[in-house]
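Reading through the structure tokens given below for one structure.
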Amino acid sequence: NPITLSVVLTSLALGTIFTVSSSHWFLAWMGLEINTLAIIPIMTQHKHPRAIEASTKYFLTQAAASALLLFSSLNNAWLTGEWSIMDLTNPLSCATMTVAICMKLGLAPFHFWLPEVLQGINLTTGLILSTWQKLAPMAILYQIAPTLNTPLLLTLGLVSTLVGGWGGLNQTQLRKIMAFSSIAHLGWMVSILPFSPQLMILNLTIYLIMTSTMFLMLKTISSTKISSLATSWSKTPTTTALSLLTLLSLGGLPPLSGFVPKWFILQELTNQNTTILATTLALSALLSLFFYLRLTYI
């Protein structure tokens, strides 16, 4: 029904706009809830058991993360008397808020729902889940970055890049590969967040552009598995070639655009005397690049 679809899409847009533009924790939480409830009908529009399972997993995870976020903001308001997003000063509230947002984004070790949910929905909904749904939590992270626990963020970022690299190695489903790619990229963003939030925004922008391009190309050539990607070369050679370039860009291969934010992040981390972290991140990028290269060879 076009009216129902327009209401759902409007709610999806409004939820993100509420969260991004709010300076009050309750309004930010409300925007995230609207966002979650709006995408559930889109995920379940095809009455398939896997879609229903994916939407149930997504709803339960997001509800738990929202409850934790509300608990964190309530705890902070109880101790400080402030509901402003910028005044998150209590250490316990900072830690629980970080965990809540990481659950919403799908950062390791809270990532287990993301590959399963992406695998159970179609490519269009997967595009929304991988791009638009990341904006609201990332906006909150950007605002509270100065008050967050730096060692916790760096640990989450490192674990996410490693999990994103290792997890995608033995996958044959393209949606699961894109899910692990998302986990790895989010790890890079979280790692640089305490030192340079502007670099995080640059990385997020390039990630959104490349992921949107990849999902739209997979939708154009109707590929959800590596085997179907292998047979698409004879049907749509130009689109397939562009999708391979996009994959290499996602992997961060120079001189493609995906290399630029990784280069800047490694440079900034080195300047901040976290050379070991920068080295580990660079090595984990090789893992991701390996399965992107495997797709291009096919």
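Using N, Cα and C of the backbone, Cβ positions are placed for all residues, glycine too.
Quantities reported herein were computed from a predicted structural model and do not represent experimental measurements.
Taken from TrEMBL, the feature domain 'NADH:quinone oxidoreductase/Mrp antiporter transmembrane' covers 22-286. Taken from TrEMBL, the feature transmembrane segment applies to 56-75, 95-114, 151-170, 177-195, 201-218, 239-256, 276-295.
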Contact set, same chain, for the transmembrane segment (201-218): CB under 8 Å, 6 or more residues outside the stretch:
123-124, 126-127, 130-131, 134, 138, 142, 174, 178, 181-182, 185, 188-189, 192, 224, 239, 242-243, 246-247, 249-250, 257-258, 260-261, 264-265
Spatial neighbours of the transmembrane segment (95-114) far in sequence, C-beta under 8 Å, 6+ residues away:
32, 57-58, 61-62, 64-66, 68-69, 71-73, 75, 88, 134, 137-138, 140-141, 144, 148-149, 152-153, 156-157, 159-160, 162-164, 179, 182-183, 186-187, 190
